[in-house]
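Over in TrEMBL, the protein carries these features:
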BINDING   Gly92, Glu93, Val94, Leu95, Arg114  substrate binding site
BINDING   Asp115  Mg(2+) binding site
Amino acid sequence: MSSPQDSRYDLDAIREEIFTLGTATLYEASGMDCLLSPALRPAWPGAALVARALPVTTAAGDNLALHLAIEQARPGEALVVDAQQADHGYWGEVLTAFAQARGVVGLVILGGVRDVRDIAARRFPVFSTSIALAGTSKDDAGEIGAPMRCGHAVIRRGDVIVADHDGVISIPDDAFATVVSRSRERAEQETEYMRQLEDGASSVTLYGFDRDGRR
Ligand SMILES: O=C([O-])CC(=O)C(=O)O
Ligand SMILES: [Mg+2]
């Protein structure tokens, strides 16, 4: 299993470039089924995340697994949680403070969060399917670290999670270097397209069509 320790890819060195490339470019360049649910949205404007995934599954309406997962997480990991998309406040300021103290760097949760003003003040990146007030029980230990399916993507511990204003993707470590280099090429090509469009070119011609829409 890959992990932050044995990874070949230094995410810290490339984080700013990944934020600039963005999930839309990384996803298109990957050619992979690596999209998590489009229902996942940032809990505060400007939240962005590049980190190693620690997959977690909770019972609906129960957040004990999140407390346990923070204890088990390695610094630099982000929790990627299937909380059954239930509208409960599984996570808030208390868990954010605990996570930050342990070096956990973000949260992606198919479920609800609360205390978003305080989470934003702490600059802790959170992506959730809802903002929800309802509390949770603490009865079920859930599953921590096991591979997790989300849409067409399967998320394993140590996969690279990228999340921003456009969405959330998950890329296996051994594919990440190729995805980044293809993304750089794609971004360069789009910069050139933009230059030509601003000079009066048409996207119809740039994409290789004639005026009747034929290639
Ligand atoms: O208390 C909870 O279970 C969730 C929450 O609001 C917090 O972490 O602050
Ligand atoms: Mg709270």
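Each Cβ is built from the backbone N, Cα and C atoms, and glycine gets one as well.
All annotation found in TrEMBL is predicted automatically rather than curated by experts.
What TrEMBL annotates, mapped onto the structure for a quick look.
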| residue | record | Cβ contacts under 8 Å, 6 or more apart |
| --- | --- | --- |
| Gly92 | substrate binding site | Val113, Arg114, Asp115, Asp118, Ile119 |
| Glu93 | substrate binding site | Asp115, Asp118, Ile119, Arg122 |
| Val94 | substrate binding site | Asp115 |
| Leu95 | substrate binding site | Asn63, Leu66, His67, Ile70 |
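Contact annotation for binding-site residues (Gly92, Val94, Leu95) versus ligand 2: Gly92, Val94, each with CB under 6 Å from a ligand atom. In sequence order, Gly89, Trp91, Thr96, Ala97, Val113, Asp115, Asp118, Ile119 are the same-chain residues whose CB sits within 8 A of the CB centroid of Gly92, Glu93, Val94, Leu95, Arg114, the residues recorded for substrate being left out.
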